[in-house]
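Features as listed in TrEMBL:
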DOMAIN    A:44-282  domain 'ABC transmembrane type-2'
TRANSMEM  A:45-68  transmembrane segment
TRANSMEM  A:80-101  transmembrane segment
TRANSMEM  A:131-153  transmembrane segment
TRANSMEM  A:159-182  transmembrane segment
TRANSMEM  A:189-209  transmembrane segment
TRANSMEM  A:258-276  transmembrane segment
Amino acid sequence: MTTPAPSSPASPLEQARPNGVVRALTDGWVVAKRNLIKIKRVPEVLVFVLISPIMFVLLFAFVFGGAIDPGGEVAYREFLIAGIFAQTVVFGATFTGAGLAEDMQKGIIDRFRSLPMSPAAVLVGRTTSDVVYNVLSLIIMALTGLAVGWRIREGVVDAILGFGLLLLFAYAVSWVMAWVGLMVPSVEVINNASFIVIMPLTFVSNAFVPLESFSGFLRTLVEWNPVSALTQASRELFGNIDPSIPAPDAWPQQNAEIYTLIWVAIILLVFVPLSVRQYRLSAGKA
Amino acid sequence: MTDMIRATGLVKRYKDVEALAGLDLDVPEGKVLALLGPNGAGKTTAVRVLTTLLKPDAGSAVVAGVDVLADPDGVRSRIGLSGQYAAVDEHLTGFENLEMVGRLYGMSRTAARARARELLERFDLAEAGDRPSKTYSGGMRRRLDLAGALVAAPPVLVLDEPTTGLDPRSRVGMWDVIRELVASGATLLLTTQYLEEADRLADDILVIDHGRAIARGTADQLKAQTGGERVEVVLAHPADRDRVRRLMAEVATGEIGVAENGRELTAAVDGGVGSLRRLLEGLERERVEVLDVGLRRPTLDDVFLTLTGHASEDAAADATTDPTAEVTR
């Protein structure tokens, strides 16, 4: 070991460190890899993450399948799957919050904080590795969907765009839950906290029932709910909407893709800085 | 000699507790300073401030020439911290843990991997290096954590209770490792509740209590402060306590200390063997049954008692239940 004079830079290896965004991304990737190794070592966690989407697809398809008629030529099961996609990836964000809340209680976070790494790295790493969970759950859901009668009726490119949009929106929401995860005192709280936010968000939407079945104030809420736009956009991109039925007469529904992207941008602009700030704050607490 | 760590007037308050109440400390380059104090004395708070994990409410600190408040990132790249609870990811292998830390210090993948292997070798973890650290023993985890603090070969090392919770054997092993680090020239700040540990590892000991330094010196200097020899009696029956206390008062020069378990009494004496003989005669006369009677040089436990007026919480337990005492004395 070397002992340089106090004023000299400590280790030559850290002198040329890039700053800001580049460092947040490179350090974030190192943390993401750490999270992914955990999936490999504790695959049991995956089982539950992947079983619940299957359960949702089957439950809704067979329980509500006959009771709800989305209208037109398209069967409910086909109408439903995009809604389940949207609901599941939004719910998946809870995982981000829980993962972070857990991290914050572990000794490893002291190691991270005492390192000259980007303060955003732990958050970038967590949200990035959770994309993998969402990719896996989308694959599982798509396969289950195909088995119960869901079809991709537009082109492959549109379908890929559809999955991309779902992942992007999920990524944004996971930053919201990251922020929540940093503020709650324990992992148990996060599950309940996210439930009260995400349940209404996904149920007061067109994910499970057609928008036409809502009326009055509730209908306006549903029309402007970003989850409705995400669902509408996915249905359009997968071709799960009867082309003879026009999109509902509301701007977010007419321009579902753009409206979803606007929400993604807003959420990221607000919650990335907010979460990083919260991470720094909790660093000064305990 | 320049100070590698210098803190002035550190204050940190939590709701109703003052964890640090104006702590000053300095560690010259290449030296080892032990912060010694009971649980809740403010040791860990001091460490967290000096390692940028916590902002003080008042005071300033400079570590390796860098101001802790002005340039925390600068400090982070010049220190290695090994905490009270091993900061390792249990799902990662020892190698993966160290590689990750290296990468986060900004090392290239090749450099981080080479350094990881080197440190695993050095800390006797080479064989276990590719097992998840979950499978490690407590001592192995601590060694891995310490290795993590050394990845970037920082000039300043901060070890927060490095042996708390370790079994005696691992503790002695840890001491050897720390001594080696010091021999290679690192500046070290170490916190401990084990008075013996401070005695063995540190050049200088800073005794802290209630967030404030109450004494500083080498182990010998601190021992000198309490002066004289002591007689120690271990009672067979706690009920005899008051009788023995009275007998001891006849030979004691100061107060008589009673350990928390109520069975051990100590008192400073100035008559050496003569005092011991008088006490033994008294015990014989009153037919008090004792397990042990002895005359000994003052230990740091006595220093703490003298300085603070209360025993360090672990001191009482240490003397009787800590098997390290047997291993290393």
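Positions of Cβ are set from backbone N, Cα and C atoms, glycine also.
Nonlocal intrachain contacts for the transmembrane segment (A:80-101), taken as residues 6+ away from its ends with a CB within less than 8 angstroms of a stretch CB, comprise 35, 49, 52-53, 56-57, 60-61, 64-65, 122-123, 126-127, 130, 133-134, 137-138, 141-142, 145, 150, 162, 166-167, 169-170, 173-178, 180-182, 184, 186-187, 189-191, 193-195, 198, 201-202, 205-208, 227, 230-231, 234-235, 238, 240. Segment contact holds for the transmembrane segment (A:189-209) and the transmembrane segment (A:159-182), given three or more CB pairs below 8 angstroms at sequence separation of 6 or more.
Pairs of Cβ atoms less than 8 Å apart link the transmembrane segment (A:131-153) most often to A:45-68, out of A:45-68, A:159-182, A:258-276. For the transmembrane segment (A:45-68), the residues of the chain that approach it from at least six positions outside its boundaries are 38-39, 76-77, 80-81, 84, 87-88, 92, 95, 133, 136-137, 140-141, 144-145, 148-149, 208-210, judged by C-beta separation under 8 angstroms.
Remote same-chain residues near the transmembrane segment (A:258-276) are listed as 119-120, 123, 165, 168-169, 171-173, 175-176, 178-179, 182, 226, 229-230, 233, 251-252 (criterion: CB distance under 8 Å, separation of at least six residues from the stretch ends).
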